[in-house]
Structure formats: structure tokens, C-alpha cells
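Annotation source Swiss-Prot lists domain 'Radical SAM core' at 23-260. If you look up Swiss-Prot, you'll see Cys37, Cys41, Cys44 marked as [4Fe-4S] cluster binding site, on the strength of similarity to another entry. Marked as S-adenosyl-L-methionine binding site by Swiss-Prot: Tyr43, Cys44, His45, Gly87, Asp142, Ile143, Lys144, His215.
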Amino acid sequence: MIEKVDYEKVTGLVNSTESFGSVDGPGIRFVVFMQGCQMRCQYCHNPDTWAMKNDRATERTAGDVFKEALRFKDFWGDTGGITVSGGEATLQMDFLIALFSLAKEKGIHTTLDTCALTFRNTPKYLEKYEKLMAVTDLVLLDIKEINPDQHKIVTGHSNKTILACARYLSDIGKPVWIRHVLVPGLTDRDEDLIKLGEYVKTLKNVQRFEILPYHTMGEFKWRELGIPYPLEGVKPPTPDRVRNAKKLMHTETYEEYKKRINH
């Protein structure tokens, strides 16, 4: 266990930070993008976070990152705070525990954005994960695909651990926002959208269910890294397809929380 006095000294490999994030949790947020991710999502807009070694990544202490975040605290109001994303943030769990512990000591709202690929339902893993959850107010859980075969096509990995994490978070009552990226021809099949909606209904802790329309804003990063972009020529979903997905998955069921946040 990390001693409380050492939280500021715990280091992590950080790709970048964003001062005024507005889509990574409630309110205005300071967002930390961690380095490293095992998934290879075809639509990834941060492929520069995949490898643990990257020229942009910097080893930083939790104390240093927290001090940077505090510079923007006045903009957070009653709903904002700190979000840690990636990459996959849980690859560096000690850093997350340290940063979020510093935040909670100051009463700051904490959000974890995760794909949950690292999740393991084992005593050793859960011992540390429970410490993280103790200082995490909200989890943004990305469910890329409910269909296991399609999930492997989309990400290169099974969705078994993701669904196990979703069930665990439901069992402990941790507030969660479920997110699904809608990609034409890849993650927008009606039968799978219906199944995902049915699955989410079985979870007891979902405050919000978001459809994130696919965009091409990260395509240039693939070119910079010399990696062929697998979705070349694929356009964002039409408004009709987005409405269709929301209808099939009954996302409006979870809109009350959104209304409370915005008023």
C-alpha cells in the first residue's frame, strides 16, 4: 500500500493534459491523458498513447500534476473536477490512486475514463482496484461492442474483462456513465445496439448512457506515426443513425442525470 505521505511523489507516465475538458465527465474538468494502452481500436483518436515509450510522454509525479490541476480550480464550479483518461489509465493504477487521493483530500470530484481491459476479478487485482474506487467518484466506461466477435475486430481484444468490470461496478454501486462510439459499418449494427441496450438495463448504477458519434479528428495522428488508418473514407454517422442508436438503446432512460447537471 502506498503511504499517504508519499502520494505526491508517486510517478506516472503522462502523455498530455487538457485544462478545460467539457466532455470527460460533469462540468469543466482538468483531464490527464496517461501513456499506454493495450487496445488497438480502429477509430482511436489518440494512437500516440498506445506505446509506453513515446517522445511526447513525460514521467511526472502525482503532486506535480495535482498542482497543475489546481491552477484551474476556480473554473470547475460545483460540478467540475479532475478526469484521468488515456491511453488506458488503469495500467498505472498506483499513480491514479495517488492523484485521486490528493484530490479527495481537497474535496475535488474525480472521474476515471477507462476501457477496463486490464480488469481482473482476482483478489490481488481487486485489492488495489478497491483502493482506486474508494477515491473515484465516477467511472466513464467505454463499451466498444457487446458482440464479442465484433469487439475483437474493433479493438483486437475480447470484451470479457470489460463486461466483468461493468458488472463489478454495478455490484458495488459505483456511479457510471456508459459510452459507445458509433462508427458506420463497424459498431452501428441494429441487432448489437439492441443487445447493448438490454445489457446496460441490467446494471444498477448507470447514470448516463452516451452515444459518441465517430469523428476523424485523430486521423492525422495515425499518419504522423506512419500507421495506416483502417477507417480511411469512413464518414461520421448521419443524425438519423445517431437517433436510431439512441432509440434502440433507450438512452433517454438515463437523461434525468444530465438534466440535473445542466441546471
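Every residue, even glycine, has its Cβ placed from backbone N, Cα and C.
Neighbour counts of Cβ atoms within 10 Å were compared across the binding-site residues Lys144, His215; the minimum falls on His215. Listed in sequence order, the residues Met39, Arg40, Tyr43, Asn46, Pro47, Thr49, Trp50, Cys115, Thr155 complete the 8 Å Cβ shell around the [4Fe-4S] cluster site centroid, once Cys37, Cys41, Cys44 themselves are left out. Inclusion criterion for the binding-site residues Cys37, Cys41, Cys44: a C-alpha placed within 10 angstroms of the C-alpha of Lys144 (S-adenosyl-L-methionine binding site); this criterion is met by Cys41. Ile143 (S-adenosyl-L-methionine binding site) falls within neither a helix nor a strand when secondary structure is assigned with DSSP, and so counts as coil.
Largest CA to CA distance in the S-adenosyl-L-methionine binding set (Tyr43, Cys44, His45, Gly87, Asp142, Ile143, Lys144, His215): 18 Å, whole number.
Long-range Cβ contacts of Tyr43 (S-adenosyl-L-methionine binding site) within its own chain (separation 6+, distance under 8 Å): Val154, Val181, Val183, Leu186, Tyr214, Leu231.
In this structure the C-alpha atoms belonging to Ile143 (S-adenosyl-L-methionine binding site) and Cys41 ([4Fe-4S] cluster binding site) are separated by 12 Å. Same-chain residues at least 6 positions away in sequence with a Cβ under 8 Å from that of Cys37 ([4Fe-4S] cluster binding site) are, in sequence order, Cys44, Asn46, Thr49, Trp50, Gly86, Gly87, Glu88, Leu91, Cys115. The average pLDDT the prediction assigns to the domain 'Radical SAM core' (23-260) is 95.
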